[in-house]
Amino acid sequence: MAGNNFTEVTVFILSGFANHPELQVSLFLMFLFIYLFTVLGNLGLITLIRMDSQLHTPMYFFLSNLAFIDIFYSSTVTPKALVNFQSNRRSISFVGCFVQMYFFVGLVCCECFLLGSMAYNRYIAICNPLLYSVVMSQKVSNWLGVMPYVIGFTSSLISVWVISSLAFCDSSINHFFCDTTALLALSCVDTFGTEMVSFVLAGFTLLSSLLIITVTYIIIISAILRIQSAAGRQKAFSTCASHLMAVTIFYGSLIFTYLQPDNTSSLTQAQVASVFYTIVIPMLNPLIYSLRNKDVKNALLRVIHRKLFP
């Protein structure tokens, strides 16, 4: 991949946050706590959905996929960051760097389109409830669950291929993981074409999935406003409030970080935003989708009751 490099780079140094040695212990503890909470919270949600038959619906099928993605896209970055906080080397191999980038970018893209699938599911449930079981069949649900992975990892493969083909003059990545913008800054050659490819792919992923979600919610909100009773409107809105909150947080942080082709944001801002969507959002998702969800709470009570009183 690096055959055209002026200097053969075999190892990168992840120097993000290295200029704040007084924060290394605090950052290590914060990352560790959030990562453990993320893994346990999302694994718990997946396990609960599998154990309770009343949650075997398309909505919770998508939610278990979201939890799976959150575990693994956090795991592509956080464990290596934890090691680096306790190490003086902070190194990652050339291949390891692009493998990390491939899975991270791919899983983030997967989450974008999976959130779109979840929005479509809410649209059918609210706007066409009588046809829900017909429209959201097992085949359709599986298709809506698989396609985000296909699109996400295809997009990621293209992005990683064009960036890994660049010539790199430096091996010090000013970030805590192999981020696309930080790697582009190390190139010896003109990166305009590569930046445009990355920008178009990011724009397609973010804007196309966000367009699907936006149009879907315009229709949903219009349908909710036509409901006569206040109680009915409240019940309908409560079924999609958690998803809408998760979408707002996730897309807001991604757009702030990546949809800036002129690279006007500082690297410090990018790192702070990256911390948020890399480790914080995967932790928040199980809380957002479970604390306000009566079905999940009731399922947890049923599982506990079965275990205590078999």
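The backbone N, Cα and C atoms fix where each Cβ goes, and this holds for glycine too.
According to DSSP, Cys188 (disulfide bond) sits in a coil region rather than a helix or strand. According to Swiss-Prot, the disulfide bond annotation covers Cys97-Cys188, on the basis of sequence analysis.
What Swiss-Prot lists as N-linked glycosylation site is Asn5, and the listing cites sequence analysis.
Swiss-Prot lists 1-25 (among others) with the feature topological domain 'Extracellular', giving sequence analysis as the kind of evidence.
For the topological domain 'Cytoplasmic' (47-54), residue counts in helix, strand and coil come to 7 helix, 0 strand, 1 coil, using DSSP. Annotation comment: Swiss-Prot describes 47-54 (among others) as topological domain 'Cytoplasmic', evidence class sequence analysis.
Note on the topological domain 'Extracellular' (76-99): residues 1-2, 9-15, 17-18, 24-25, 27-28, 31-32, 34-35, 38, 107, 160, 163-164, 173, 176-178, 183, 278-279 of its chain, located 6 or more positions outside it, place their CB under 8 angstroms from a CB of the stretch. The annotation topological domain 'Extracellular' is assigned in Swiss-Prot to 76-99 (among others) on the grounds of sequence analysis.
Beyond the ends of the topological domain 'Cytoplasmic' (121-139), by six or more residues, the same chain brings 58-59, 62, 216, 219-220, 223-224, 236, 239-240, 243 to within a C-beta distance below 8 angstroms of the stretch. Residues annotated as topological domain 'Cytoplasmic' in Swiss-Prot, with sequence analysis given as evidence: 121-139 (among others).
Summarising the annotation, Swiss-Prot assigns topological domain 'Extracellular' to 161-196 (among others).
Beyond the topological domain 'Cytoplasmic' (217-236), the same-chain residues lying 6 or more positions past its ends with a Cβ under 8 Å from any Cβ of the stretch are 119, 122-123, 126-127, 244. Marked as topological domain 'Cytoplasmic' by Swiss-Prot: 217-236 (among others).
Here the topological domain 'Extracellular' (258-270) has a mean pLDDT of 56 out of 100. Among the features that Swiss-Prot reports, topological domain 'Extracellular' is placed at 258-270 (among others).
DSSP states for the topological domain 'Cytoplasmic' (292-310), grouped as helix (H, G, I), strand (E, B) and coil, give 15 helix, 0 strand, 4 coil. Residues or ranges marked as topological domain 'Cytoplasmic' by Swiss-Prot: 292-310 (among others).
Counting residues 6+ beyond its ends, the transmembrane segment (26-46) has Cβ neighbours under 8 Å at 17, 63-64, 67-68, 70-71, 74-75, 78-79, 81-82, 85-86, 279-280, 282-283, 285-287, 289-290, 296 in the same chain. According to Swiss-Prot, the transmembrane segment annotation covers 26-46 (among others).
A Cβ distance under 8 Å defines the sequence-distant neighbours of the transmembrane segment (55-75), meaning residues of its chain 6+ beyond its ends; these are 35, 38-39, 42-43, 45-46, 48-49, 103-104, 107-108, 110-111, 114-115, 117-118, 121-122, 125, 136, 141, 144-145, 148, 278-279, 281-283, 285-286, 289, 295-296, 299. The transmembrane segment feature in Swiss-Prot is assigned to 55-75 (among others).
Here Swiss-Prot flags 100-120 (among others) as transmembrane segment, drawing on sequence analysis. Listed as Cβ neighbours of the transmembrane segment (100-120) (distance under 8 Å, sequence separation of 6 or more from its ends, same chain) are residues 59, 62-63, 65-66, 69-70, 72-73, 76-77, 80, 92, 144-145, 147-149, 151-153, 155-157, 159-160, 163, 177-180, 183, 205-206, 209-210, 212-213, 216-217, 240, 243, 246-247, 250-251, 254, 277.
Per Swiss-Prot, transmembrane segment is recorded for 140-160 (among others).
As annotated by Swiss-Prot, transmembrane segment applies to 197-216 (among others). With a cut-off of 8 Å between Cβ atoms, the residues of this chain six or more beyond the transmembrane segment (197-216) that come close are 109, 112-113, 115-116, 119-120, 122-123, 151-152, 155, 158-159, 162-163, 180, 184, 247, 251, 254-255, 258-259, 261.
Sequence-distant contacts of the transmembrane segment (237-257) (same chain, at least 6 residues past either end, Cβ-Cβ under 8 Å): 108, 111-112, 115, 118-119, 122, 125-126, 206, 210, 213, 217, 220, 224, 265, 270, 273-274, 276-277, 281, 284-285, 288-289, 292-293. Among the features that Swiss-Prot reports, transmembrane segment is placed at 237-257 (among others).
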Secondary structure composition of the topological domain 'Extracellular' (161-196) [DSSP: H/G/I, E/B, coil] = 14 helix, 4 strand, 18 coil
Note = If you count the other CB atoms within 10 A of the CB of Cys188 (disulfide bond), including all protein chains displayed, you should get 14
Helix, strand and coil totals (DSSP H, G, I; E, B; other) for the topological domain 'Cytoplasmic' (217-236) = 16 helix, 0 strand, 4 coil
